[in-house]
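Dumping the structure here so I can ask a few things about it.
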Amino acid sequence: MSERSLLVVVLAAGEGTRMASRLPKVLHRIAGRSMLHHVLETTRQAGATRVAVVIGPDREDVAAEAHRVRPDAQVFVQTERLGTAHAVLAARAALEEPADDVLVLYADTPLLRPETLENLRAPLADGAAVAVLGFRPADPTGYGRLLTQGDALVAIREEKDATPDERRVDFCNAGVMALRAREALSILTRIGNANAKGEYYLTDAVEIARADGLSAVATEAEVDEVAGVNSRLQLAEAEAILQGRLRRAAMAGGATLVAPETVFLSVDTRLGRDVLVEPNVVFGPGVTVEDDVVIHAFSHLEGAHLERGVSIGPYARLRPGTRLGEGVRIGNFVETKAALIDAGAKVNHLSYVGDAHVGSNANVGAGTITCNYDGFSKHRTEIGAGAFIGTNSSLVAPVSVGAGAYIGSGSVITDDVPADALALGRGRQAVKEGWAAALRAARGKPKV
């Protein structure tokens with residue numbers, strides 16, 4: 001990582017009309033994080049000293065996300081959308097503070113790797129004033145071309161202005177630019193708007209720098225890194241690219257994904273060695289899985305920690321605040337939330353365990369419900385170590401079941417149960433012999 005100080009200006013003022021959404025474009029999520037979050041995290045990994053985020057008018061939600069992810073971010077408002085250079089100059093106060101390098105990124109380009117940004121900055125330390133990121137798409141139609149002579153970047157030519165020879169160039173402009181800070185303001189403030197749209201284009205910085213006798217260069221990125229998101233289709237395409245990266249990283253780290261294309265990970269998902277993930281599993285944000293865990297098909301996890309040797313599913317749902325101790329078994333159609341389940345405990349079938357602590361080696365039978373909400377507040381359930389909860393039982397919180405206690409099947413438990421006690425909370429069974437035969441005789445054969 002460079003020792004040079006770095007100001008990153010993130011442009012997040014676009015309207016995003018093609019998204020057809022009330023949510024600002026840059027707040028749409030990919031792999032569990034907003035696009036803006038992805039970009040800000042990349043700037044952190046790339047060694048940003050300061051970050052300035054340029055937003056549109058009345059976008060307090062975008063400002064809030066920027067400060068949530070990076071509390072020290074400076075936020076500036078571009079009151080009129082008059083082009084990319086105009087947007088960068090909206091952060092003029094940040095540009096006037098000391099820095100070695102300035103990096104301009106777009107909040108709707110969330111897949112850049114930090115090492116790509118470090119490579120883009122490197123020529124600035126060697127004397128270049130401007131460095132532009134390029135890529136080589138399979139079809140360059142529609143992109144601005146990067147025109148080079150040897151190692152020098154001569155110009156960025158928009159396709160509509162390009163000659164036939166220039167259009168044959170396949171090295172295209174990704175829009176990302178690094179500038180040496182001591183020349184940045186001088187260059188940016190001289191960009192004009194003498195074009196058809198009357199806008200100020202950042203791409204003009206290259207020719208202004210060269211006219212000043214300064215050096216401009218281009219570096220290259222992989223095509224998938226510079227994918228911009230302007231529509232729902234492109235959002236899905238970016239999701240697919242990032243999921244591919246995350247799946248490959250998980251498998252390289254020692255996890256088995258039986259059908260990788262059906263497993264969806266969040267950026268912060270952590271899978272240990274010899275974890276087995278069956279098909280159609282979704283990892284929401286905040287999931288950590290230790291070694292030797294088995295996650296059966298069609299399970300959904302979010303905000304959960306699974307210790308070594310856990311088995312969950314199929315069709316399990318782990319919600320935020322779930323922590324499963326070593327060797328815990330969570331079976332099919334079980335939902336947990338804000339639940340601490342200690343080592344060796346079992347919740348095998350058709351149960352809801354919320355706002356609860358289940359002690360080690362306890363057994364929670366099929367159809368057990370912790371009734372944690374009274375319409376106003378949540379309440380906790382405590383199940384002691386080695387307790388046995390019979391099937392189809394309701395534990396009405398706040399309530400405690402002592403260690404080693406038994407709850408009879410079908411019980412509704414409203415009072416605390418002492419350790420090693422048996423609690424029954426159901427009506428007594430009544431048997432009336434011959435009753436069914438008499439009913440059929442009185443009513444005749446049932447109609448189908």
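Using N, Cα and C of the backbone, Cβ positions are placed for all residues, glycine too.
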According to Swiss-Prot, Ala366, Asn372, Tyr373, Ser409 bind acetyl-CoA; identify which of Arg426, Arg428 is listed for that same site.
Arg426
Would you mind listing the long-range same-chain contacts of the region 'Linker' (233-253), meaning Cβ under 8 Å and 6+ residues beyond its ends?
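Residues packing against the region 'Linker' (233-253) from afar: 19, 28, 30-31, 110-111, 224, 227, 260-261, 263-267, 269, 271, 273.
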Please report how many Å separate the Cα atom of Asp108 (Mg(2+) binding site) from that of Leu11 (UDP-N-acetyl-alpha-D-glucosamine binding site), as a whole number.
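Checking the Cα atoms of Asp108 (Mg(2+) binding site) and Leu11 (UDP-N-acetyl-alpha-D-glucosamine binding site) gives a distance of 8 Å.
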Say you check the Cα of Tyr373 (acetyl-CoA binding site) against those of the binding-site residues Gly83, Gly144, Asn173; which is nearest?
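Closest candidate to Tyr373 (acetyl-CoA binding site), judged by Cα separation, is Gly83.
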Helix, strand or coil at Lys25 (UDP-N-acetyl-alpha-D-glucosamine binding site), per DSSP?
helix
Between Gly144 (UDP-N-acetyl-alpha-D-glucosamine binding site) and Asn372 (acetyl-CoA binding site), find the distance joining the two CA atoms and give it rounded to the nearest Å.
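Cα to Cα, Gly144 (UDP-N-acetyl-alpha-D-glucosamine binding site) and Asn372 (acetyl-CoA binding site) are separated by 59 Å.
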Out of Lys25, Gly83, His349, point to the one nearest Asn372 (acetyl-CoA binding site) in space (Cα versus Cα); all of them are recorded positions in the record.
His349
By CA distance, which of the recorded positions (Asn230, His349, Ala366, Ser409, Arg426) lies nearest to Gly83 (UDP-N-acetyl-alpha-D-glucosamine binding site)?
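Checked the recorded positions Asn230, His349, Ala366, Ser409, Arg426; minimum Cα distance to Gly83 (UDP-N-acetyl-alpha-D-glucosamine binding site) goes to Asn230.
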